[in-house]
Amino acid sequence: MTGRLPPEALERAAALLRAGDLVAFPTETVYGLGADARNGRAVAGIFAAKGRPRFNPLICHFPDAEAAFAEVVADERARSLAERFWPGPLTLVLPRRRGSKVDLLTTAGTETMAVRVPAHPLARELLRRAGTPVAAPSANPSGRVSPTTAEHVLQGLGGRIAAVLDGGPCAVGLESTVLNLAGGQPSLLRPGGVTVEAIEDVIGAFHDPQLEEEVEEMLALLARQQGLPSPGMLRSHYAPGLPVRLEARHLDPHEALLAFGRPLPGARLAWNLSERGDLAEAASRLFAGLRFLDEEGSRLGLAGIAAMPVPAAGLGEAINDRLRRAAAPRQG
Ligand code: TXA
Ligand code: MG
C-alpha cells in the first residue's frame, strides 16, 4: 500500500527517505519520485518502480545552493545562475566533486551531476529534514505523462512506492530547464520552467537551437550505428495513449481538442491550456490536460487529440518540446 501523507506528515516522509524507501513529493515543476541519492539500492528502486528501460542519470535535489555546491564544482556562471533562479525550476549539470558520496547509479557512472534546489516549500523542508541529497525523476511510470498532483502519482505508481507527500497541484507544471555547464560552452539539455532568454540575461547568449538539433541528430546516429538506444530522452517520453496531432487549425469530429486561446469550434471534448493565451498558465495545465483528454477521449471512443499551435517564445519552447514528444512515433 502506498500511503498518502498530508503536509503535516513531513517528518514521516523524511524518515522514509532516510530509511531507503521511495517517497514521491511535490515540487513546483512536477511531482518527483525521491530516494536517498547516496543509497544505491534505494536509487535502483526508482528505476524498478518506474519501469525505466535504462539507467539515465537522475537529478539530485537539495534544500539550498550551499548543500548542492558541496557535491559539485560550481564556477562563476553556476553561482550567478543559482543566485538568480534558485530555489526554482533550473537544473545545472556540473562536474561531480571528488569525494562526493552520491551513488554512481544516481549519476549513471558519469563524472557530472545534475543538481537543483526546488522552490516548493514542502519540498525544501523535506530535503532539509532528509539531510541527504535526494535523487528524483518525475514520479510517473516510464513513458507516461509527468504527474502534477498526488492523485496522478497514485494512479501511476500506487502500490510500488512507500508514500506520496500531498502538496496540492504543481504551480509550474513542466519539468525544470536542464543546463549543461560541465563542458566549455553551456548547452541546453532540456527546455523547461526557466526560459533560455532569462538564462541568457545572466550568462550571455549561448543557445543555438539549430546547432543543438544537429548535434542531437549526430549523437543519435552514432548510437544507432553502435546498436545503442538513442542518448538523451526518448522522443515519445511524454506519450498519452491517444495519438496527438500538432499545429491543429481545424478539428476532426473524432478528435479531442487541446486548445490554446480561442478554441476551435465543434469539439466534443476540450481542454483549454489558457483561454487568455498565457504561457505560464498553459504550462501549468499541460500535463493535466493531456491526461484528461486521453482518459475521457478514450472513454468516449475518440480517435486522437488535436493540439492547437502554441507560440514558440519564452515558456512556449518547453511547452512545444513536450507536445512534440507527446506526438512523436512510439518506441517500444
Ligand atoms: O522538474 C524536474 O526536473 C523534475 C522534478 C522532480 O525535479 N525531475 C525530472 O527528472 O524531470 P528526470 O529524471 O525525469 O529528468 C532528468 C533530466 C534528464 O533529461 C537527464 O538526462 C538529465 O536530467 N540529467 C540528469 N543528470 C544528468 C547528467 N549528469 N548529465 C546530463 N544530463 C543529466
Ligand atoms: Mg520524466
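Yeah, the Cβs are placed from backbone N, Cα and C, and that goes for glycine too.
What TrEMBL records for this protein:
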DOMAIN    7-194  domain 'YrdC-like'
BINDING   T29, H61, R116, A136, S176  L-threonine binding site
BINDING   R52, N56, T112, S138, S146, R190, Y238  ATP binding site
Binding-site residues near T29 (L-threonine binding site), in sequence order, restricted to R52, T112, S138 and a 10 Å Cα cut-off: S138
Proximal residue to R52 (ATP binding site) among binding-site residues H61, R116, A136, S176 (C-alpha distance): A136
Cβ under 6 Å from ligand 1: qualifying binding-site residues of T29, R52, N56, S138, S176, R190: T29, N56, S138, S176, R190
Beyond the site residues T29, H61, R116, A136, S176: chain residues whose C-beta lies within 8 Å of the centroid, for L-threonine: T27, G32, I59, P89, T91, P118, E175
Among T29, N56, T112, S138, S176, which are binding-site residues, the residue with the most C-beta atoms within 10 angstroms of its C-beta: T29
Distance-selected binding-site residues near ligand 2 (C-beta under 6 Å), from T29, R116, S138: S138
Pairwise Cα distance maximum in Å, L-threonine-binding residues per record: T29, H61, R116, A136, S176: 13
C-alpha spacing of S138 (ATP binding site) relative to R116 (L-threonine binding site), in angstrom: 13
Among T112, S138, S146, R190, which are recorded as binding-site residues, the nearest neighbour of H61 (L-threonine binding site) by Cα: S138
